[in-house]
Structures are given as structure tokens and as C-alpha cells.
Amino acid sequence: MVQLAKVPILGNDIIHVGYNIHDHLVETIIKHCPSSTYVICNDTNLSKVPYYQQLVLEFKASLPEGSRLLTYVVKPGETSKSRETKAQLEDYLLVEGCTRDTVMVAIGGGVIGDMIGFVASTFMRGVRVVQVPTSLLAMVDSSIGGKTAIDTPLGKNFIGAFWQPKFVLVDIKWLETLAKREFINGMAEVIKTACIWNADEFTRLESNASLFLNVVNGEKNVKVTNQLTNEIDEISNTDIEAMLDHTYKLVLESIKVKAEVVSSDERESSLRNLLNFGHSIGHAYEAILTPQALHGECVSIGMVKEAELSRYFGILSPTQVARLSKILVAYGLPVSPDEKWFKELTLHKKTPLDILLKKMSIDKKNEGSKKKVVILESIGKCYGDSAQFVSDEDLRFILTDETLVYPFKDIPADQQKVVIPPGSKSISNRALILAALGEGQCKIKNLLHSDDTKHMLTAVHELKGATISWEDNGETVVVEGHGGSTLSACADPLYLGNAGTASRFLTSLAALVNSTPSQKYIVLTGNARMQQRPIAPLVDSLRANGTKIEYLNNEGSLPIKVYTDSVFKGGRIELAATVSSQYVSSILMCAPYAEEPVTLALVGGKPISKLYVDMTIKMMEKFGINVETSTTEPYTYYIPKGHYINPSEYVIESDASSATYPLAFAAMTGTTVTVPNIGFESLQGDARFARDVLKPMGCKITQTATSTTVSGPPVGTLKPLKHVDMEPMTDAFLTACVVAAISHDSDPNSANTTTIEGIANQRVKECNRILAMATELAKFGVKTTELPDGIQVHGLNSIKDLKVPSDSSGPVGVCTYDDHRVAMSFSLLAGMVNSQNERDEVANPVRILERHCTGKTWPGWWDVLHSELGAKLDGAEPLECTSKKNSKKSVVIIGMRAAGKTTISKWCASALGYKLVDLDELFEQQHNNQSVKQFVVENGWEKFREEETRIFKEVIQNYGDDGYVFSTGGGIVESAESRKALKDFASSGGYVLHLHRDIEETIVFLQSDPSRPAYVEEIREVWNRREGWYKECSNFSFFAPHCSAEAEFQALRRSFSKYIATITGVREIEIPSGRSAFVCLTFDDLTEQTENLTPICYGCEAVEVRVDHLANYSADFVSKQLSILRKATDSIPIIFTVRTMKQGGNFLDEEFKTLRELYDIALKNGVEFLDLELTLPTDIQYEVINKRGNTKIIGSHHDFQGLYSWDDAEWENRFNQALTLDVDVVKFVGTAVNFEDNLRLEHFRDTHKNKPLIAVNMTSKGSISRVLNNVLTPVTSDLLPNSAAPGQLTVAQINKMYTSMGGIEPKELFVVGKPIGHSRSPILHNTGYEILGLPHKFDKFETGSAQLVKEKLLDGNKNFGGAAVTIPLKLDIMQYMDELTDAAKVIGAVNTVIPLGNKKFKGDNTDWLGIRNALINNGVPEYVGHTAGLVIGAGGTSRAALYALHSLGCKKIFIINRTTSKLKPLIESLPSEFNIIGIESTKSIEEIKEHVGVAVSCVPADKPLDDELLSKLERFLVKGAHAAFVPTLLEAAYKPSVTPVMTISQDKYQWHVVPGSQMLVHQGVAQFEKWTGFKGPFKAIFDAVTKE
């Protein structure tokens, strides 16, 4: 057990730290703070903790006579830290008669400590407070120092006071119930204090990280009985005693630091702001990422960024930055906002650069507009004794991954610099392998601290190859080797990023690893690029030698599984070494541990990079094993059995490849650079770069055994190198390329060409480096020629010819391909652009992308370039890649034959305005119009699949971002390569849509289709094989049932068009802002309910599918239900709900696998809303949230048992949880036990307005809550078999109740005009009012005087609710309107008067909506961009028709009329963008090339058509034959029901015709919604209007 420790602060020993010190805590408070009243304050979460209950009971039992104990409980979470909660607590204290001697005891985390401390500071002008922190963060930070505060709506901690507590009593035992993430969160502050003040404690923390993470990862949930209430509570539990000593020390040491700093600077005037290390940048991230990210997580990121800033200034060494980053990762904290797990946790929120800087400007350390940041000098010490001023330019650089390199203008020609590159990556990795296999201790100095070596160190540790520790403040790594005997298989895959060296070396090492009782293999894996890089020759050799290895993904690349129960036999091993020398080194280093001595023969030609093999052999010699080179057989080596003996010290030589960059800088800028620790004795081939490349190009070279100095010639005078074989130094060829780019000579025939050969292996490095250099040099205006094993660079005639990379849209970035050497090379060339311009001439910088990739070998390269070599750098918000700037991600449609791909692909292209390509047709074009069937007969299926894959990859590469619809062959998923391409496209944001239908229907169709090659096997077998592939490759899915009638076909088209618009974001899913409802379906199968679905949804903005009620949960069945619902309801938004049993539904609580599958079906089907229960496991919640796409998430919680009153903390906790998940709507359903529960609910609703909230009570007692709920109230229908929850009402019932309460005022509405005796408006609107239970009345007001309408209705009727205006008043009424909509202005008439209140009125025109919606409802797409429109007639309605066709996207609108002279003034009065073309002669129609697919007839219906007009009309009707959809004509007149225009269009030219009655009802329904806020029940209204 640990001892009680007391820590002084401000001269008093008031901080007590111990474990299980409840008795000491009570005794200390009562003895040293005597009082008549003690008030314990905590939140409801803590009330569930047994240790808290024990403390309260003990406190009560120990009270002296005359004293009392009060307890006050607040809701958990930051929302309680408010003025309101403070006032409530103060009122409680006053009511309880508390006086000046009161002692407040704050037991809790930072929220409780801050708020109770502030109450204590102001109550009775200040009473005593004792802090009892229960979270790690509160223990080491917020409870110490006397800072107290509450939040305001404008920011956190804006109102507060310094008020020192009488005691801070820290009991480690509280941490037993701290949630894992909160525990880790607190570690950020612990690491911070060690980092700024206590290097020894930092080292101790490093060595105990794995213990800590093992313990907190073992957190469990346990059920406990509450000693105060006897209720059963569930709390988390961590075995603190398993790491008690470590936890106690980390808390104590962190507290000591803060106490010492506070004692020196209580009011935060200077020294105390050192405690803000990591907070300047961390707080900026927190401001954006809250509440998803916790304070400590953001501070962790801030610490790394601020440490990088210090390194950038040349103050902090790269080693120290690496240590800080490593320890934060080791304790489970994020070090970058871009980490995958952290991005998912923070729901992929963006952190824009300008917002971060703006947030940083609001920092108490700042002085005015100048920002200040704490700068670290080394681990355990800050630079200076307070924060330092930093510029926005430097901050921008640190905060982004894109850097702007300005011209190297201000660098003096006589500049001389000494640069020491980091340790060699090649030597570092070899040294780690050799020391791990060796026996004894080896101190490795100048080890490269990079991503590569970090992965290697982690792997050695995980495989238990050696014990690793650090000395010299982390500069020296101490490897205690165990001679290979302890190597053991680990369960987790070893992730190696893009570390090629580590992957090759560890593959052979894996052959020496021993199995454990539970683990018989290890897995090596890496990032996406690593999984493309070759490793096959090495694997082939090891397999041939007895090691069992499997590829887990791509043949020939990681990931691989190495079985540890196979053996590394030894003997003769043959290896192909023409691709990578690392294969050779890998086997060489492990060979002494084989069962027999090894003879390693390199076969297949001259080995690549032989100097690296020599390096390995020399290093093995240092570790005690001598390799003998054969004298009789070329490239063959003998390695004896044995084991390495570790030298006591091994110093890593600086990386010679990295040294080429500062040396090339000298060459290019005409300055001098010395690298003091690489000379001609170096083990590394790249050490000869200065001598063999730069010297012949015109540089002065001085090279000793251990140093190299380069002095460049005057800028612009470098000479090209006619030929250089860079095989001994292949990695340096990139540096040579950028030097060659600005090299030229006086020979006009040389073309300034530098020829580099011997570098074929560079095509399979981090990227294809030869291609990368050629591609990026071209952006600077430099031409290249690719050679079989090299490259020619054709230098520019003048350095002034270098261009800033750009395209037609402006500057573009230099891509680095996640390759450190590409990035560092181009950082040099970037600075030479415009470097010779006049000094005061403004020069654009060059943008380098993904600068962090240099971390692989030289994390501090940019710092050296900036701080030591004098380059001006800046950071910038990432440019959207030019290819993505106007990106319209293409749609790929996959599915079985006969699924409807051809038809639906056409619909898709039409709906989105995309181009359509059928890949089978493209195949035939590329194969001389040979059909697929013929090709298969002649060449076989395998060859066809290869060609199909090639074509698919090509079109995606070239047109994936350009707005295409690609219709594929049914078997595209048969090829593994095609499947990968499909998945890659989907993961890059593309749409891969699986189209499917009932397999039985498909079989029937396919058996009768002779046009395609026959299936070799049964159709059902094909489907069974492909079904999983279709699902795996697609990110969206649409069920397209077979249609037997044209009406069904058109309904399916409308349904699909809305679906595709929704998933692509063209159609935005809106959360209703006003009163709205959704109906809850409770059918087990919708197939037989299609007729009822429309009336069931009357008055609703959405419909809920209770999936847990469905007959089965198969993907096909559920998708079919969604399809039926969409078709039947004209795609009313769907709420997809799977209600679990514990939340009142039918779905089994623990069936998480099926639940995941159902959510996947929902998201692929593009449902508008998905109900996500807040009680589900966190991983499921985050999975759904991060995959939601355009679907809105409803976070729901139901209390069916009535366990929680609305003022219970359960609801507050759940609301905070919903905020953290960033759901779109919160849905809470309680149970009303009595009427007062409704009042409590309304108070909750009133205080929770920062998210749309659905909050209702169940049971009949809760009906009133449903009436008062505003957004998406759940309702039932009389046509449903039963309601989904007790107490549900219909829309009509709710509206009637709301009216009776005064919520809806009865309105009187009228149709006005003359004559109106036959007007159908009253029956239209009154039908809707009756169905929806609205109290309004619609009547006729017949008059030809607009003045009378104003006097009697607008001014004279206090209940006036609106007017439908007809002839002759549509123009006259406009003078009395206070506002006009755009439609009313353009159409030039008002048919709808909308009251705005205060005797103000808005004039609108819904005729165009009547036309538009009638057309869409009859199969016309919502966007018809590739089709022209036609209007017949030039009267008043024609203006509305033209407006409607323009809104549909018609690229041209033709208009014909009996009197052609009326056309010109009509066209001139309308906007030019309508692109209206008046047709005066029949002949001109023949010249029109456009397809005409949509028309509106606005001519009188009761007279025959004029012959000339009829002739023009018929010529246009012919043009409908090739429209992308069924050509459709709307008749604007609703009497008679069939007009002459309708007859000729339908009977003679097969146009689909829409009667005027539909326009009438659609425009009326549009009015209905504008007046009432409710969607009119269209079908019922239409039937009522047309029944006579």
C-alpha cells in the first residue's frame, strides 16, 4: 500500500494524496474546518458509486454535536456548470439557512470542482471549500490552484474567481470507477507536467505505459447495490491496485509540479502560464471538436504541435519530439487530428486553418493581437520562464500538411552552414535487428527517430526480441539482446506503415520467432502503398527453405502470415536480388540462427545496390559474425552458425541519402554546406553523391574520411551531367534530378540533358519514383525522358524559366506520393522558382503537398531548411485537388443480368445530368464491334474478364470524377481485380450502386434472353456466388421490382430519381422546422398494404418502418419493403427503426451482428432517417454515425417502465450523449405516470433547444405531450392494425386537441374572382381540412373588384387565412400585396394571397408548381437538362408554363402560338436565361436538333386547333421519340377532361398526356401547404375534386 503524502502549496500542506483514505478525509475536514453546516456537492453519476455512499454515511456518523450534513446533487456534464445551476444551489443554501461558517465539499470532476468553488467564493462573500477530486484530470489540474468558474453561452470559464480551497484531498481509489476514456484523457495533463518540469518522471512514465494501458483496457461494468437507496446501479470498474504504485506516483508527481508553479505565480502573471503547454493549440482544436473530443485529447495534439513548433525554431531536438509523440501514443492519446480512430471519434469534423488561428487569438496568454505559445527546450524544461510570441506564418506551417516554399531570395552567397542529418535509416534498422538478435547490452547512438524505426522498435518489443530502454534524455537507445531465444509470436498484427526496410527485415526475423501455447503465427501488414510493394522474391526463398508463409491479400505483397511452428533450415538458399538488396540483407542477418550454416546464392543477374549488402556484412562483423564471400561462385556468401555478441556501444552514421539535400541546396544556391560526419570512409553508397554527381556539375567538393563540404557555383551556372550510373546510390537520383533541372551548358546540341541510369529499383520504392519525378518536374516546365533503368532530365536554358506549378484554374501543388525523398527533393527546386527575380517583385510560392511524409527519414527536414538554411516557409489550407475541384463523382451500376441496369442507368444519367456509358458497348467498340458473346466463344471467359477489368479501371481512372454513369456487365464482380477496383472507387467517395430484384423474376427473364452468352452454370448458382460480392463491392443498393404496367414503371422511375438525388446529395434531406409528424407503421409485410400506405401517411412529413415488426430480416426482404413503401408513397422520407426489446420493441437485445447488417441495408438504401438507440454499444453507434452519408440520424431513448422522471439525470446524460454523437435529431420517449410528468417534460423541452428534439410521454396521461411536441411527432393511423406505442394519436386527433388549446386558430379562406360558381377550390381545401382535423373553412367570395377583396377580406376579416385568386383579379390584386415572390413577379400574376400578420400580405403564384408537380408525378424527371421543352399558346398560363419548364432544367424552351406576333413581347418580358425560342415558321422546326420531351398546352380547350398551329405542334411531337424519358404533355385546361391536343399527342404520337385536373389539384395542394404548413392529402383531394 502507498503512504499518505502531503504537498505544500502557497506555504500550506493542504494537498493530501493517498489511497483509500476516506477516514482521513472525514477526520481532516471535521477537525480542521469546524462548522455548523457541511454541504457535500456532487453529480448524480457519483451518487451511484459505493465508495461515495460509504463516505457520506461515515461523514454523518462522525459529525460533532451541533453540526449537520447536507447533500446537493446536480446533473452531470458541462451543462451543469452554468449560472442557472449556481443560482439553484445558492437558493438551496439560503433556504436551508446556511451561514458564513458553511463548508462546501466538492466531490467530483472538474465541472463540480470549478462550479462549487465559484459558489463558495461568492456565497456570503466567501465560504470555505474543500476539493475532493474524483477524476484524474481534476486530481492533477483543476482542483489545484484555486481557479473557479462557470460557463456562459459565449464561452467556457468566462465568469469565475481565484478562491483557494482549504484542502485538496486526493484519494486514488476514486479512479477505480473512472471510465477508460476519461482516465486516458487525464493522462494528457500528467504527461504535460512531466514534460515541462520533471524529466525523471517523464522517463518513469515511459517505462510504465504498457502496464497502464493493460489495466485501463481491462475496465469492466459491474452492478452494485446503492447503500443509500437500495437501487441496483451499473458502474465501471478498473483494477487500480494492479498499477497502484504507478498511479499514485503519476498523480503525486504531477500535483507537485502544479503546486510548485502555482506557489510561485498564484495569479498567472508569468510562470504559471507554462502549465498551458499544449493548450494554445489544443484549446483551438477543442473549440472545434467539442463535445466529441475531450480536453486531454486535444491538449495531447496541441503538445505535439507546439513541440514541433519548438523544433521548427531549432530549439527542441527531433529526438525529444519523437519521445513526446511516442509516450502520448503509448498512453492511448491522439497525436494528430488526422489519426483514423480520432477522426471517427470526432465524426470527421474539419479543422480549418483560419478557424484554428481565430480560436488561438482568444487566449489569456496573448498580448493584444500577438499570440503566445509555451516553447519546450527539452523534456523536463521550457524555453524561458513564460510563453513566447509566435507569428501566424509559423503557426500556419505547423498546423497544416501543405507547405508554401518561397523563393530562396535572401540567402547570402557567402553563407556557410554545418548540417548534421539524422542517423541512417538503413544502418538504424540493421542495428536494431542485430542488437535484438545479439546477446548483451548495446547502447545505440544517433539512431534515426522516424516512422520507420518507430515501427521496427515496436515490432522488436512486441516479439519480445529484446528489452528496450532510453538514456541521455532519449538520445540513446539501450537494447538488451537475448540472443534470439525469447522471440515469441504476438497476437496482434505488426503494422509497419509504409516502412519497406522494416517489412523486409522482419519477414526473415519472423522465421526465427517461437510459437506460444496460444499463438502459432504472426502477421505483418502495412498501409495501402505498403500492400502494393513487392516482397515475393524474399518470401519465395524463405518458403523454399522451410518457412510456411501465406499472403493474406495481394499475391507478392504484405499483409503476410508467417507460421512460427515452421523452421528456418539453412543450407543453400537461392534468392533473386535484382529488385531489392534488402532481401539479401534480411536473410544475411538472420542466417546465423538457422539450423544449418547458410550458403546464400544471389541468382537472376547482377544484384541491385551491392554496396548495401557490403554494409550489412561489415555491420555483422561488428556484432561478431564473419561472412565469407565465395571465390568460386559469383554473388554467393557463406554464413556460419552462431550468435551475435553485442558491442557495448554502436554509433549510427548520419544518413548519406538525407545528406544529399543540404549538399544539393549548397549546389543550387551557390552557398556552402558541410556535413561533418559522412566522408569517403562511409559504409553508405550515397556518400559519393557529392564527388560523383555534384563535382562534375560544377561544385567545389572537399571530402575527408569523415566529412563532406560542397560549395556551389554562382546561381544558374550548374552544368548537366552527360551520364552517371547511380546504381551504388539509387536513393540519391531524385536529388540529382532537381539539380539537373536547373543545369545548362553552352552546347546547343546537348539539350542540357543529364542522363541517370542504374536505378530500376526506384520504380518499386514508396512509389514509382522515376514516374513521380517525371510527372512533377513537368509541372515546373522541365522535360524528361524515361529510360528502361533510369531517366533523362532536360535542364532549362535559364533558371528564370522555372514555372510555378499551375493549371487553367490556378496554382496546383507538387504531389509527394507519400514519399519522403520526393518531398525533400522538390522542396529544393521549389525555392529556386523566381529566386532570380528582382528583390521587390512579388513572387508566388510553390505548394508542396503532404510535407509530413519526410518524417520517414528526416522529421526535422523542414526545420533545417527554414531555421538553418534560411528558407522562408508558410503553411496553407489544403487546396482541393484540381481534379476534385468541380468533382462530380461518377456512378457505377452493378448487378445481375436482367436487374434493370440498362434502363435504370438511363434514368440515373437523366436525373443527375450525367453522361451514360454502357461498358459492354464500350467493350464492343474497342474490339472492332465484336459482340461479347462472339468474343467469349473465341477467347474464353477468363480473357473477357481481363479485358472487362482493364476497361473498367481505365474509365474510373479517367472519368471517375467527371459525372458519368457506368453500366457494367453482370459478371464484373467475378474478377478479384475488378472487385478491388470497385471497392477502391467506393472508398474514394464514388457511388457503386448494386441494383437487384427478386431472383425468381430474374431467372424467368434470363432463361428467355438469347442476346447474351449462355451461363455455363445454373442462374441460381451464379447468384449465390455473386450475391456476397455485389454487397461487398457496393456502397449503395436499390431494389427494382418487376413492373407490369406503365403507371408502376413511372412510379419506380420517380422513386429511383429521388433515391439517386438523395444519396448523391442533390436532394437535401430537410429536418422540418415547424410542427410536423411521422406515422409509425406496424405491419409485418407491406406487400398487401400498398393501397393503404398513401392515406396512412396523410399529413406526415415522414413514415417510420418498424423493421423489428417485419416478418424477416433478410437483406432482400427488407430492401423490398423499402422499395414498396417508396413507390406507394411517392418517396415520402423514411425513418428506419430497429427497436430492441429493452427499448420497447421486438428485436432481440444482443443480436448485434444482425443489427449491424440491418443498419448497413438502411444506409445502402439511402433512407432519409435512421433511428439509433442511445443504449446500443458505442462501437455500433460510431460505425453508423461515420457511415451515415446523407442520412440523418435520430438518437433515441425510451423509458417504457417509467423509471425516470423528466428531471432525472438519465435524460440529461442521454442528451449529452446525443450531442457527443452529433445526431441530427434527439428522440426521447418517457412514460406519464401522472399529469405533472407532462409539465416536467415541457420544462426539459424548453431548456434543450440546441438540437431538434422529439419528446413525448406514453400512455393516455401523456397525450398532451404529443400535442405540444413540435418536430416529427410520432403518430398512428386508423388504417393501422395497432399503434406502435401506448397513447399514440392520429394527425387529426392531435390537430383537434391543439385547436381546442388555442394552438391553431380557425381561419377563413376564400376563392375570389368572377365567375366562380363552378370553382372546385372549396371542395379541394375543405376535404384536406377534414382529413387532417384542421379547424379552417374555405368558401367562395365572388367579385370582380380587387378593391372589394381588400376592404372585406384583407382589411375587414380578422380571421382571414388566405385567398385563391382567379380571373379577373390575378393582376388587379397585386397592388395590395406588400411582398411578391419571385414566381409572382416573373409570371406577372398572383393566384395566392398569404397573410404575413400585421395586415401585411404576400402575393404568390402556384400555377407553375401545379404544372411542374403534375409533370413530375407522371414520370418526368425533376431535372431534364438534356431535353428541350415546348409551350403551346401565349396567354396568361403560358408564363407559368415557361417558369415551370425552366425550373425543370430545360436547356431550351420552344413556344408556338396561333398569333405569332404575340411571341416576341412575351419572350422579351421574361428572363433571358429561360432561353425561350419563338417559332414563327413550320420550316424552322425541321432545323431543330434538340429532342423535345415535355410540353404544356395553354390554348383554349373548347375550340379546334388552327391548322398552322396544328402543323407546328405535330412537327414538335415527332421530336419526342428520342427523349430520355416517355415524352409527356400537360393540358392546362381542366375542362373538358380530354382535349384535342391531348388526343393527337397520345393517339398519333404516343406521348403520355396529363389532364388539367391534375394541374388544378397540384396547384391547390401547393396553396394548401403554404397556408396551413401541412402537405395536402393529394389522392383524397383529387378524388373529391374529380368525382363529379
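Cβ atoms are placed via backbone N, Cα and C, with glycine included.
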Site-mate of His279, His295 for Zn(2+) in Swiss-Prot, selected among Glu189, Glu201, Glu377: Glu189
Reduced DSSP assignment, Gly900 (ATP binding site): coil
Cα-to-Cα gap, Met896 (ATP binding site) vs Cys853 (active site, for EPSP synthase activity), nearest whole Å: 43
Integer Å distance between the CA atoms belonging to His1198 (active site, proton acceptor) and Lys1227 (active site, schiff-base intermediate with substrate): 8
Distance, Glu268 (active site, proton acceptor) to Ala899 (ATP binding site) (CA atoms, angstrom): 71
Top Cα neighbour of His283 (active site, proton acceptor) in the set of binding-site residues Ala898, Gly900, Lys901: Lys901
Integer Cα-Cα distance in angstrom, Gly895 (ATP binding site) to His1198 (active site, proton acceptor): 40
Largest tally of Cβ atoms lying within 10 Å of a Cβ, found at which of the binding-site residues Gly895, Gly900: Gly895
Cα proximity to Glu268 (active site, proton acceptor), best match among recorded positions Arg897, Ala898, Gly900, Thr902, His1198: His1198
Integer Å distance between the CA atoms belonging to Cys853 (active site, for EPSP synthase activity) and Arg897 (ATP binding site): 46
Separation of alpha carbons, Lys901 (ATP binding site) and His1198 (active site, proton acceptor) (Å): 42
Extra residues within 8 Å (Cβ to Cβ centroid of Gly895, Met896, Arg897, Ala898, Ala899, Gly900, Lys901, Thr902), ATP: Gly970, Leu995, Arg997, Thr1002
Surrounding CB atoms that lie within 10 Å of the CB of Thr902 (ATP binding site), all protein chains: 14
Per DSSP, three-state class assigned to His283 (active site, proton acceptor): helix
Tertiary neighbours of Cys853 (active site, for EPSP synthase activity) (same chain, Cβ under 8 Å, six or more apart): Thr816, Asp818, Asp819, His820, Val822, Ala823
Densest Cβ neighbourhood among His283, Arg897, Lys901, His1198, Lys1227 (recorded positions), 10 Å radius: Lys1227
